[in-house]
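Beneath this line is the structure, given in structure tokens, with notes to follow.
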Amino acid sequence: IAEMKRVPYHIQRDVLDELGVDQVAEKSDFKISAKEKFREAVRCTGPRFKSCFLSFVPLLTWLPRYPFRENAIGDLISGISVGIMHLPQGMAYALLAAVPPVFGLYSSFYPILIYFIFGTSKHISVGTYAVMSVMIGSVTERLAPDSDFMIPGNDTNSTSLDIVSRDAERVKIAATVTFLSGIFQLLLGLVRFGFVVTYLSEPLVRAYTTAAAIHVIVSQLKYSFGINPQRYSGPLSLIYTIIEDCALLGQTNIGTLVVSIVTIIGLVAAKELSALAARKIPIPIPVELITIIIATVVSWQMDLKTEYVQPTTILQAPVAPAVSLLGSMVGDAFALAVVGYGIAISLGRIFALKYAYKVDSNQELIALGLSNSIGGLFNCFAISCSMSRSMVQVSTGGKSQVAGAISALVILVILLKIGELFEELPKAVLAAIIYVNLQGMMKQFGDIRSLWRTNKVDMVVWVMTLILTVLFNPDMGLAASIAFSILTVVFRTQLPKYSILGQVPGTDIYKPVEDYNQVKEIPGIMIFHSSATLYFANAEMYIDALYEKTGVDVAKLLSHKKKLEAKRLRKEKKAAKKAKKEAKKRAKEAVKAAEDVGAVEVGPDPDTDTTLPQAIILDLSPVNFLDTVGVKTLRNIYKDYGEAGVQVYFCGCQRGVVESMEKGDFFNEKVTKSILFSSVHDAVLYCQQGNSEEVIQGTHL
């Protein structure tokens, strides 16, 4: 079968350098000026305005064409199922954000409706998310610590915590940082900055969410053990919190701990049974909701209520953000904007690829930005999308954003009718729900093993992201992780693989000679290849590798040549003096002796290999750009090897590389584009003909 796939072929054409290609292909010099490009970009026509408006409000495009018969039942069932999930998750994640649970329900209502109008993903379920919530919590607890709300008691040395004032301030902070993060997302979307997510690689995102899950678990230990540890912030705060929790274990509330353990065991067992029954029951069992109902009833009957004030669950009027707080949370808001968008677009692209539709990355920024900025006005905290809810939405038949709108209506009914029934719910139960929902993130530790087998650099990025986020907190950890990830790219471009290429017999294919047994070097021709682009960070290493691979150290060769030149000049000077003293009769002999001395060849140097190749071909096909240092490096290589008697040719140059060489004054009257070739094979054939001006025909393969 392999032999049948090898189809022999024959090509007959001229060997073309860059000038020849320009003539044959008739290169166009037409260029659009920057002024014309700007004028075209801002030109407003009827069709363009309509297209822009519909892309900004996707609802107007897809809703009129909504296939009611095919999608309505699935979206209805999916919306109700996801809405039921929003209730326990919204209340639980509100604890992570350090705000009363009802605000988790607000965050599961307003932003979803906004995304329904402006979002482009049909399957993701936006709303509260553990990672975003814990990032919000770090801001609220930092700017409104318990110590600021202690009021003196009746006794001289006693104090009590003003929970009402503290919660009101924390809600204000959470809403303000959410509003600001939404503004960041909105601005990035309007300037078409959706590509920013490319800096969040999959290993980085998965490691970051795993580390954030660790922060979430540690933050909930106080609710499970019924203790009140001191709040720490800044680097190593997670370590300090764990030490503090361990020191307070002696003060554990046994009743709270029992409630937490029983809830965790019950949830895990119920989820396993639900997974087994999923094949027979089309709708997933609302395990968390059942748990909340049972826990609420038990707490009400046995008076296990945890002390917190639950605001009345009614819809509230919009409130302006606290402008005075904006300056202290810019970094936190930007981190929220990037993380929330990165998680949403990553999951959205997965479903878009699976179900064959397109997700607009810039429109997603706008949709999330509006969801957060408008949601912040209604005391919501920052949202993203949840993998667990999205999977339920898909598995229960959800096929469009209508499922999200229905889930928001379910939350609306809960807010208006039955929300106050959950005032008796202990926080230990919500903490247990969080633990169980995070088990999927903790399974991501298995990525280390798979990445070790596939890509060790990605594994290092994963591990370092985990360590940096655990040590520096989610906000600073994200910045440090992105910086480290970019640094690995820089190192990989600084340390590329350099090789000498040889020809696969009977073909125009050239491969590294060290990787193949049958690949042979072309006699007298060295073909040098680098696996990375050429720029300021690796220019010096490029030259060193070229010297090493070709066996020609041009610096030493030129130094040796200069020594011989100096020796020749000294002999000429000495001969000239001697010639002056001699009679005119010996003048001819003196001149002849001087000419013999002037024909000194480059002699052997004990430190330099004098076996010079006829030509060196630099394969620049991996080079996608050239900076000024790169252009200067190529110019020096061409000049130095030329002085040593070795002709240098370049092949595989991309358009941007050629333009950079032109702008960098690489070409002149002596150095033209005739040294550039489209392929390695053209350059080799040209060199084998001794740089003749003949037209070489019949490239046989």
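Each residue, glycine too, has its Cβ placed from N, Cα and C.
TrEMBL has this to say about the protein:
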TRANSMEM  93-118  transmembrane segment
TRANSMEM  173-195  transmembrane segment
TRANSMEM  248-269  transmembrane segment
TRANSMEM  281-302  transmembrane segment
TRANSMEM  333-353  transmembrane segment
TRANSMEM  365-389  transmembrane segment
TRANSMEM  401-418  transmembrane segment
TRANSMEM  462-491  transmembrane segment
DOMAIN    515-687  domain 'STAS'
COILED    559-597  coiled coil
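Counting Cβ pairs under 8 Å to the transmembrane segment (333-353), the top-ranked stretch among 93-118, 281-302, 401-418, 462-491 is 462-491.
Taken as a whole, the coiled coil (559-597) shows an average pLDDT of 63 in this prediction. Long-range contacts of the transmembrane segment (401-418) within the same chain, counting only residues at least 6 positions beyond its ends with a Cβ under 8 Å from a Cβ of the stretch, are 59, 62, 66, 71-72, 74-76, 78-80, 82-84, 86-87, 90, 102, 105-106, 108-109, 112-113, 115-116, 119, 121-122, 125-126, 313-315, 393. A contact links the transmembrane segment (173-195) to the transmembrane segment (365-389), because at least 3 Cβ pairs that are 6 or more residues apart lie under 8 A. Comparing 93-118, 281-302, 462-491 for CB pairs under 8 angstroms to the transmembrane segment (365-389), the maximum falls on 93-118.
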